[in-house]
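Asks: Pulled the feature table from TrEMBL, pasting it below:
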| type | residues | note |
| --- | --- | --- |
| ACT_SITE | 168 | active site |
| ACT_SITE | 226 | active site |
| ACT_SITE | 249 | active site |
| BINDING | 289, 291, 339, 344 | Ca(2+) binding site |
| DOMAIN | 160-252 | domain 'Transglutaminase-like' |
């Protein structure tokens with residue numbers, strides 16, 4: 001049966017005359033507890049987590065430094081079911097041919113694909129408008145949301161105008177809410193060093209100029225992280241070995257079938273390199289497997305020189321929240337065989353072959369030009385000290401001479417603020433040094449970027465890309481880079497007393513200003529299902545250097561059980577400091 005709202009009436013016949021009486025309406029959903037359903041999930045604990053749980057944890061940061069924050073999916077709150085059903089009636093498919101669209105609403109793979117398009121605003125005036133510019137005027141910054149409810153409610157209230165603004169985790173979290181609401185088991189997945197392969201050749205090209213600036217000129221990119229969804233259902237179209245978790249991605253990256261939608265791509269198909277299967281497997285395969293090519297680009301001549309290529313960078317620490325716990329679970333092995341193993345390379349070749357790429361340039365096979373010359377030096381950035389907003393950034397550039405004769409190296413270094421997609425936004429710092437390395441010598445060069453230098457340039461993602469392009473006299477260039485995500489200061493939540501239904505309980509949120517200057521425009525935003533209705537917003541007075549702020553408010557819980565309180569604190573110097581607290585009512 002198709003899901004949706006049904007009218008129920010009873011027909012009674014009395015002495016030959018029949019009169020129908022309406023009994024009202026009911027909503028039919030998918031049922032993961034029923035063995036006959038396409039979304040049947042045999043494990044009850046997984047049903048609890050992936051359908052009934054309204055709180056989630058989303059992983060972010062970068063591969064060197066994984067962070068996480070809470071999210072209120074809120075799929076069973078207020079008007080959310082109605083909004084999810086109206087979303088189906090606003091899709092392009094429904095507008096073009098309502099009868100056919102409705103007749104497919106018994107099929108989770110159809111609905112997953114349609115909803116992956118509807119959650120982004122592209123093509124269809126969908127729910128969330130994406131913005132990766134670093135400038136979020138005219139809307140809310142993507143990192144300021146703490147739950148899907150506010151977004152879905154705003155979409156409806158505005159007469160279904162796209163809500164400004166979202167980035168990948170917002171699209172994924174909203175899609176999780178909608179699919180769980182309809183009874184399809186769904187979770188959010190974070191992929192670190194995620195490839196956006198725009199041209200479908202399973203490789204990602206990045207360009208740097210002679211000064212070491214990362215140029216924003218390629219359609220391809222490598223994101224610090226990317227968040228998508230997995231939903232659980234059978235694939236009658238592909239066969240039982242491709243059933244189970246399916247990748248859906250509502251972030252508008254590339255068009256599929258002429259519109260911004262992605263999936264469902266069978267996770268098993270991705271792991272086995274079966275990229276010819278529906279839907280969008282090549283794009284998802286590239287997100288976790290593409291090879292990276294780093295080029296030196298001269299804007300005046302347009303000449304490109306390959307610096308190096310790497311096949312093990314992309315698709316690391318693929319993460320999701322554990323069932324029934326707040327821990328991170330690593331599922332990288334469910335997406336691919338071990339990096340560098342024979343099997344993993346065989347699958348990569350199989351995928352290239354299926355995509356008709358086997359005759360084209362293979363970045364991992366050495367070309368004659370590359371085998372002649374190996375780099376004479378190696379380099380890396382290491383972190384010295386804490387990576388915190390408000391503290392000076394201390395790094396060490398470590399250069400090592402791999403040869404048995406001395407080398408002279410000219411190093412051009414830059415630091416740029418970026419968004420989490422590694423798109424450069426503003427230059428923070430640059431420097432150049434010339435060094436001589438004795439045979440086999442390793443030297444360390446401390447780098448200090450004071451807080452006062454980066455504070456104005458930082459984006460709400462708190463990310464900085466540091467690059468050193470090393471020109472070795474008589475040798476090939478060496479590119480050293482590191483992506484740095486700075487932590488926000490901590491915020492602490494205390495529930496003062498026992499939380500009971502319909503009884504007031506005090507909550508205290510404590511924040512200490514860690515920097516040597518005043519912070520202003522402080523706002524605390526609080527939400528929590530069954531703990532308070534709507535979103536509480538509290539304006540907080542300015543805080544002097546090192547001053548501690550205690551913000552108190554009252555809750556009156558209206559349901560028993562474990563509930564989650566989510567807070568988001570912002571001011572002019574720190575964007576979106578998040579924390580959550582489990583409250584047992």
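Numbers here mean position along the shown chain, with the first residue as 1.
Backbone N, Cα and C atoms are what each Cβ position is placed from, and that goes for glycine too.
These figures come from a predicted structure and were not determined experimentally.
Could you give the neighbours, burial and distances for every feature on this list?
Replies: Within the same chain, residues at least six positions away from residue 168 (active site) with a Cβ under 8 Å of its Cβ are 223, 225, 226, 227, 228, 251.
Around the Cβ of residue 226 (active site), a 10 Å sphere holds 27 further Cβ atoms from the protein chains shown.
Of all Cβ atoms in the protein chains displayed, 30 besides its own lie within 10 Å of the Cβ of residue 249 (active site).
Contacts of residue 344 (Ca(2+) binding site) defined by a Cβ separation under 8 A and a same-chain sequence distance of 6+ are given as 336, 337, 338, in order along the sequence.
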Asks: At the level of the C-alpha atoms, what whole-angstrom distance separates residue 249 (active site) and residue 289 (Ca(2+) binding site)?
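Replies: Cα to Cα, residue 249 (active site) and residue 289 (Ca(2+) binding site) are separated by 17 Å.
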Asks: Please work out the helix, strand and coil residue numbers for the domain 'Transglutaminase-like' (160-252) from the DSSP assignment.
Replies: 17 helix, 41 strand, 35 coil
Asks: Can you list the residues of the same chain, besides 289, 291, 339, 344, whose Cβ falls within 8 Å of the Ca(2+) site's Cβ centroid?
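Replies: Neighbours found: 288, 311, 312, 314, 315, 336, 340, 345, 348.
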Asks: If you draw a 10 Å sphere around the Cβ of residue 291 (Ca(2+) binding site), how many other Cβ atoms fall inside it, taking every protein chain shown into account?
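Replies: A 10 Å sphere around the Cβ of residue 291 (Ca(2+) binding site) contains 22 other Cβ atoms.
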